[in-house]
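Below is one structure, written out as structure tokens, with a few remarks after it.
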């Protein structure tokens, strides 16, 4: 099968990029490929053959139709305007066109210096590359909108961070890499016509149904608000903390993008900060919904030359409803509730209060709850609590609520076990795979990827146990 690549970004947005080629690594070699995604995209097995070396995965070759470029954008970082940013180490190799009309960017991360590298070296290390590959595929398996990881190479190139680490590259695939920061860039350069040009591009390629609408820009922005709200609501329900929700890390399609110092909750700790560089806790777990709105407000400001302030504010006012609707539905699913009743929020808040007091594991709590039976006062979750009387009191109210549903246990458990994962990507699991990979053993990386692809199946191995003490003390930063 021949892969088809287009150059829409290059052809339609000439002021939004710089052309350049990737800079290969020393002795680069393929260490992982995403076989299911490769099959979905029609990527021939021959491209992964060892005799072809690192090839396109290591920036050593281009496929027909590829025309590499680095995109320029700006953004707000930790609440402050950061000015011009851009693809500092990533290169958009091409836009794959599928037969069904869908299009996917192939973006090579760690591909070397670009005009937007600023003080960086344009490289990515094996540690951060593995973390992104694991997180993007874990989130996909959980049903959360995300960029994808297609392939990964390591090398003998030394990269200097807190320590010397091997250089690596990741082929990231997404329907689009357009960020809020793309719009901010030209707004703050006082070039509103280019902001509108980008909006036209995004609508033309990703919202074609809106092209002929008189108020297409407003309808598009309203959908961006909704998508952003729904994605962040999904993060909150699985206990995912992004860590660096700068506006340049916000996808216009509502994808989860730029996996850096992320983390999944172990103990239920609403003020959890996964990024040890986030001294003020701006991007703590509980702050993510508010930050999402703040970022949308920055995007709205960039669109103000061609959408009225009144219309933008009305669209922003829809954010909270969209987020709470999505969050409420998913949390009812997690509790096994098929209908909505007035006291449901109190029921959930009661469980959360217990979990905070007892430092309960977020993922294990909901998974064990999904095995409860409404006719039994016993629950496999009970043994997780020290204060059994407090749990029994809450569980009695929960069972009473389940009886109102008039849904049998099998149907309810099926729904609950389809939204309450048994397995999430805990930092200690990623760290174990990283350490073994750095020692040359990719076995754990493959095993962990395979496990994360099936998160809703009960397991008996250590992938689903609470983290060891050392795993809870892991610190993750923006260093990558």
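Each Cβ is built from the backbone N, Cα and C atoms, and glycine gets one as well.
Feature list (source: Swiss-Prot):
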type	residues	note
ACT_SITE	248	active site, proton acceptor
BINDING	86, 88, 89, 109, 121, 122, 172, 179, 258	ATP binding site
BINDING	249, 258	Mg(2+) binding site
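Overlay of Swiss-Prot annotations on the structure.
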residue : record                       : DSSP (3 states)
86      : ATP binding site             : coil
121     : ATP binding site             : coil
172     : ATP binding site             : strand
248     : active site, proton acceptor : helix
258     : ATP binding site             : coil
Euclidean distance between Cα atoms of residue 248 (active site, proton acceptor) and residue 86 (ATP binding site), Å: 8
Neighbours of residue 249 (Mg(2+) binding site) among the binding-site residues 121, 172, 258 (Cα to Cα, within 10 Å): 258
Under 8 Å by Cβ from residue 89 (ATP binding site), same chain, sequence gap 6 or more: 109, 110, 111, 112, 113, 114, 117, 120, 121, 122, 123, 124
Cβ atoms near residue 86 (ATP binding site) (within 10 Å, other residues, all chains): 23
Spatial neighbours, same chain, of residue 248 (active site, proton acceptor) - Cβ under 8 Å, 6+ residues apart: 73, 74, 75, 76, 77, 82, 85, 179, 180, 181
